[in-house]
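Quick look at what TrEMBL annotates:
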DOMAIN    271-327  domain 'MIR'
DOMAIN    338-394  domain 'MIR'
DOMAIN    399-455  domain 'MIR'
TRANSMEM  24-41  transmembrane segment
TRANSMEM  79-98  transmembrane segment
TRANSMEM  105-124  transmembrane segment
TRANSMEM  162-192  transmembrane segment
TRANSMEM  212-237  transmembrane segment
TRANSMEM  527-548  transmembrane segment
TRANSMEM  560-576  transmembrane segment
TRANSMEM  588-608  transmembrane segment
Amino acid sequence: MNKQTKEKSNSELPKAKSRMHEHWWKVFLGIVVLSAWTRFYKVTEPDHMLIALSGYTSGYDGSFPFEKPGDKYENVNYVGMRLFCTFLGACIPPMAFLTVWEMTYSLQAAVLSSLFILCDVGILTLTQYILLDPILLFFVMGTNLGVVKVHACRNEPFSLKWWTWLVITGVMLSCAVSVKFVGLFVVMLAGLRTLEELWDILGDLSKPVIYTAYHFVARALCLIVLPAILYTAFFYIHLKVLSKSGNGDGFYSSAFQSQLEGNSLHNASLPKDVAYGAIVTLKNHRTGGGYLHSHWHLYPEGVGARQQQITTYTHKDENNKFLIKYYNKEIDVNDTEVVLLRHGDLVRLEHVTTHRNLHSHREPAPISKKHYQVTGYGENGVGDANDVWKVQIVGGREGDVVHTVTSKLKFIHALQHCILTTSNKQLPKWAYEQQEVSCNPNLRDKNAIWNVEDNVFDKLPIVSFDVYAPGFIERFIESHAVMFQGNAGLKPKEGEVTSRPWQWPINFRGQFFSGNPFRIYLLGNPVIWWANLILLLVFIVTFLFTAVREQRGYMDPEPFNGILVTFFLESIIHILPEKYGNPLFHSMNGIVLSAIAYSFYLFAPLAYGMEGPSAGDPESVMHGLKWLDSWEF
């Protein structure tokens with residue numbers, strides 16, 4: 001778009017706004033009412049600080065765990081949390097209306113875009129329950145609205161209105177990322193839009209270069225510095241408020257766990273040094289690493305030697321405890337002499353519950369076939385030479401004492417010359433889907449580092465665990481490392497039905513949210529989803545066609561609409577005589593609106609609840625709507 005055209009379009013926008021349809025407010029209020037009615041129609045059923053806050057202020061006492069859909073809530077006061085999430089979900093269609101209106105000043109485009117969201121039963125399902133999705137979508141839509149509002153104020157830069165919307169955009173950005181890391185995508189969108197605006201400002205030769213620098217600093221403060229400060233503040237509150245122990249403690253380091261109330265390490269006092277005869281737990285030092293673990297179950301036939309399983313387990317458990325023994329003699333409980341464990345010592349590790357020794361041999365590991373299998377072997381602590389391991393402290397020297405928590409340890413097999421490690425690969429159901437432990441011939445394995453966490457030994461003086469307490473910055477960094485590790489390690493469970501990324505945009509498969517008596521099924525409105533895909537393709541073709549014609553000088557470029565539906569419909573209407581075009585335009589709008597509303601009427605039971613036989617039964621009222629075999633409602 002050339003400069004004259006851009007100036008022309010900029011001057012026409014206020015005129016277009018001044019010619020706003022006299023029923024604009026009525027239409028907007030209608031969208032608000034419809035959004036509220038569809039979202040609050042059935043608010044009668046049922047982490048994250050915002051949800052917790054809404055529950056706390058409405059009387060929820062935190063006793064119900066919300067572990068799986070379908071659990072009976074009995075007398076749990078969940079209505080406040082449900083209303084909070086539903087309210088944010090109900091705000092999304094009106095915000096979409098305002099965003100598109102600000103981009104186009106087209107009432108038809110604003111109505112159509114908001115109705116696409118309002119009548120999508122998939123979004124309706126996500127935004128009427130106690131989930132993170134309505135919160136995330138609210139902040140994402142708020143960011144989009146803020147971006148277009150800042151752009152709308154481009155002719156009055158550095159005014160109070162301009163600064164207000166810039167700050168609101170920064171706040172919405174930080175909140176979107178704080179809810180889920182998926183919010184980073186809207187950060188990219190806002191960043192690209194900001195770069196485009198700065199590039200346009202730089203191209204305005206009537207302004208000095210320093211003027212562009214002022215704009216850059218303003219946006220950097222509001223869209224980078226402010227969100228970063230808010231995000232860090234949210235995490236500070238998160239770590240202060242959510243200070244209790246939970247079943248996910250094992251994903252964090254021993255030092256981090258010492259700050260969690262109710263954890264065995266909180267306010268604990270343990271021996272600083274590790275000695276022979278101590279009962280210890282060994283935690284893998286990798287981010288999110290579990291505890292060395294064993295149980296009575298054996299490896300199945302065909303999986304190496306049929307000996308006792310050794311795994312890592314991310315939860316605290318009695319089966320995580322091992323006894324440190326001399327490699328060549330048994331521990332004498334009556335011996336008063338204390339012998340400390342040192343760098344370079346040879347040891348045996350006896351599993352306390354089963355009295356079998358940590359063992360390895362040249363059988364292949366269950367999953368990592370280039371590694372050796374690690375098992376529990378022997379009877380009552382008596383095994384063979386393959387039970388002997390050499391202890392090394394990372395960065396240690398001969399004779400250095402092994403310390404609780406702080407010493408980073410390696411266990412090298414004395415005969416096989418391999419190193420005890422965990423691959424972070426999930427074992428099948430026969431190992432309760434715990435992580436694989438193996439012995440890697442490559443002694444440089446970065447996952448082969450462990451530390452002593454629990455250390456039970458009565459003959460040594462104890463010290464407070466507070467000496468290992470990390471500061472906020474260390475906890476902040478570790479929390480994010482664990483989150484990234486956890487997200488990267490998410491894998492479907494054995495036998496679990498999964499979907500492929502290419503299936504998501506085409507609405508290939510849905511997901512059950514609840515079972516009988518009212519079945520809720522998450523599936524996007526196929527009319528809206530498939531129409532969107534078609535319109536996206538039309539947009540690409542139209543954009544390329546228009547760009548080529550503009551570049552070749554065949555047309556006087558008009559401001560690009562940005563809202564495809566209106567652009568597409570008006571493109572057709574403009575080729576017709578005016579006396580036919582206007583009625584046809586309104587007729588086509590009516591057809592589109594009717595199709596959206598009717599499709600919502602047909603598929604609404606997916607979100608509000610279905611009764612009777614499933615759609616696969618010819619007698620089901622939903623049978624005619626099972627357009628794809630992969631839909632399971």
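Every residue gets a Cβ built from N, Cα and C, even glycine.
The stretches the transmembrane segment (162-192) and the transmembrane segment (79-98) do not meet in space: the count of Cβ pairs below 8 angstroms, excluding pairs fewer than 6 apart in sequence, stays at fewer than three. Helix, strand and coil counts under DSSP for the domain 'MIR' (271-327) come to 3 helix, 29 strand, 25 coil.
Broken down by DSSP into helix, strand and coil, the domain 'MIR' (399-455) contains 3 helix, 27 strand, 27 coil.
A mean pLDDT of 92 is what the model gives for the domain 'MIR' (338-394). Helix, strand and coil content of the domain 'MIR' (338-394), in residues and according to DSSP, is 3 helix, 29 strand, 25 coil.
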